[in-house]
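In TrEMBL this protein carries:
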{"type": "DOMAIN", "residues": "1-210", "note": "domain 'Cytochrome b/b6 N-terminal region profile'"}
{"type": "TRANSMEM", "residues": "28-55", "note": "transmembrane segment"}
{"type": "TRANSMEM", "residues": "76-97", "note": "transmembrane segment"}
{"type": "TRANSMEM", "residues": "112-134", "note": "transmembrane segment"}
{"type": "TRANSMEM", "residues": "141-158", "note": "transmembrane segment"}
{"type": "TRANSMEM", "residues": "178-203", "note": "transmembrane segment"}
{"type": "DOMAIN", "residues": "211-257", "note": "domain 'Cytochrome b/b6 C-terminal region profile'"}
{"type": "TRANSMEM", "residues": "224-245", "note": "transmembrane segment"}
Amino acid sequence: MKILKSNPFLALANNYMIDAPEPSNISYFWNFGSLLACVLVIQIVTGILLACSYIPNMDLAFLSVERIVRDVNYGFLLRAFHANGASFFFIFLYLHIGRGLYYGSYKYPRTMTLNIGVIIFLLTIITAFLGYCLPANQMSFWGATVITNLLSAVPFIGDDLVHLLWGGFSVSNPTLNRFFSLHYLMPFVIAALSVMHLIALHTNGSSNPLGVTANMDRIPMSPYYLIKDLITIFIFLIGINYMAFYNPYGFMEPDCA
């Protein structure tokens, strides 16, 4: 391990992934963090590749999505992984939050970890909504229109805020351009916040099912929990591959398929 500790970047990875002291009694409910990291990487990679062929234009957006699915090499697979990955991300996120609430992981001194996690959750909702609007077909067009009209509830300036967000008097090209720009940017913000979430977690250590301090009984992350995380990641990869290859539109509405 001297090699890992000699380099500052490797030493950082060593402190977080190998020698990090973890409670000896945490269950598989604590694996959703690593699953979320895995899904986020898949979403960023597939999203960048999809963005290479997407056109943020009201007349061409849906046609560009169809072209990705029909003409781009393995485009259908990229879209299937990206769309189903978003659904898996929310499933794991809800389970991750539910575990934290059930076991009291939000209590002092881990309140900062919770606060950053809530911000990540809200940004994920916004990012998913922006991505949902990008095909600009029947469902996504009216979805964008209805949700953005929520701003009209703001007293006095609501209508002006809606028109500012649209860049006009309806969902149109400027709307799609800014939605695409923000949808591309947000995952990197989420990734940065995830690193902050991890730093806040390791500052005070992970919680455990008993809800008491585990400082007297900790074991290193590797190989114990590293292998344990890899087991659930492997199961998840089987699940997302099944959805992408055999039921790619299982999580979508018929109009979006």
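Counting begins at 1 with the first residue displayed.
Each residue, glycine too, has its Cβ placed from N, Cα and C.
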What residues in the same chain, six or more past the boundaries of the transmembrane segment (141-158), come closer than 8 Å to it by Cβ-Cβ distance? 129, 132-133, 165-166, 170-171, 175, 179
Under 8 Å for C-beta pairs, could you tell me which stretch among 28-55, 76-97, 112-134, 178-203 has the largest tally with the transmembrane segment (224-245)? 28-55
In the same chain, which residue numbers or ranges, 6 or more beyond the ends of the transmembrane segment (112-134), come under 8 angstroms Cβ to Cβ? 54, 56, 61, 65, 86, 89-90, 93, 96-97, 100, 105-106, 140-141, 143-144, 147, 171, 175-176, 179-180, 182-183, 186-187, 189-190, 193-194, 196-197, 200-201, 203-204
If I take every residue in the domain 'Cytochrome b/b6 C-terminal region profile' (211-257) and average their pLDDT values, what number comes out? 88
Within the domain 'Cytochrome b/b6 C-terminal region profile' (211-257), count helix residues (DSSP H, G, I), strand residues (E, B) and coil residues, in that order. 29 helix, 3 strand, 15 coil
